[in-house]
């Protein structure tokens, strides 16, 4: 069962909290427990009590029976009910038990079939007028309700927080923004120029105005001279860079023609458009190295594809196997004939370890039982340089 106020029967909620009367101990809301009195149970201290306990504690109990007598309407209803019971008991005394049960059922049916009292039009209008005349408190606004809820939750009320100012997005294009910035800078320069005559006027009022004028003339001459020197310096740097660029292009073209001659191509058909020219910011050595790398890669591709490679003359001496045998290892990195772990002379090659060389002891120690069974080995004999006869 939901807990309700003993005085107004309202439910206890978050906003309607439950309080207890210090005298009678019943549960009341804050509105019904608005009286204060000295309570003997609490050591004759001022406590919150209900209206009934406040009346008893302040005025004292009265022995007058008329004060506690029920209303007159209640007395009349009780008297009519007692008279009806007496008449029914006197009438039912002459009936049997079955007849009394039937009579009670008939009386109950008659009570149920009686038409209920319908209020008249005047009563309904009076009740509506009374409801309209009731004084209603002001309805709190949304802002007040949000502030109260924030206070209950322990937060800062929204009305006290500073809201950030709304800044509209900039819908201007980049060209418009640049133009506006230039206009702003022009206006600032104009303001600065307007402020300069005041300073010159203050200098004219000085007794040493002749010296000030000469100093200003000298400073202007020095500024113009420095601008001229800077202009000539920039022109000289541009000429040097242009000359370096031309020299670099000529060197790249010469290298490309030499490579074309080595390939057996016509060097007159080689142009700078066939190669990626370096940027002007690159160093000359870096650019040459990059172009050389590009040309070398192209030559390697041509050699791999067999395009435009001259045929090698067939050797006729007996030393051909030895030379062919020496060209392969010397073209690539020469293999070192010792163990890859202890640098002792290698005796076998392990195919399961990407062809690494081992001595017998390091091979046993570096392989477990599974590797010894799975890895295939072959004896290794270091290559010796052949002698021509």
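If you go along the chain as it appears here, the first residue is 1 and each next one adds 1.
Glycine is no exception: its Cβ is also placed from the backbone N, Cα and C atoms.
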Practice item. Consult Swiss-Prot and report the residue, out of 66, 141, 280, annotated as phosphoserine. Key: 280
Study note, to complete from the structure: Per Swiss-Prot, the coiled coil among 226-261, 298-333, 334-369 spans residues 226-261
Exercise for review: Name the residue range among 85-98, 99-112, 113-126, 127-140 that Swiss-Prot annotates as motif 'MIM1-A'.
Suggested key: 99-112
Revision key, fill the gap. According to DSSP, residue 69 (phosphoserine) sits in coil
Review point. Given the Zn(2+) 2 site residues 21, 24, 50, 53, which other residues of that chain have a Cβ within 8 Å of the mean position of their Cβ atoms, reported in sequence order?
Key: 22, 23, 25, 26, 28, 33, 49, 51, 52, 54
Check your understanding: In angstrom units, rounded to an integer, how far apart are the Cα atoms of residue 69 (phosphoserine) and residue 53 (Zn(2+) 2 binding site)?
Key -> 19
Revision key, fill the gap. Sequence-ordered list of residues in the chain of residue 53 (Zn(2+) 2 binding site) that lie 6 or more positions away and have a Cβ within less than 8 Å of its Cβ, or none, is 21, 23, 24, 35, 37, 39
Revision key, fill the gap. Spacing of the two Cα atoms, residue 50 (Zn(2+) 2 binding site) and residue 132 (SUMO2 cross-link), in whole angstrom, works out to 29
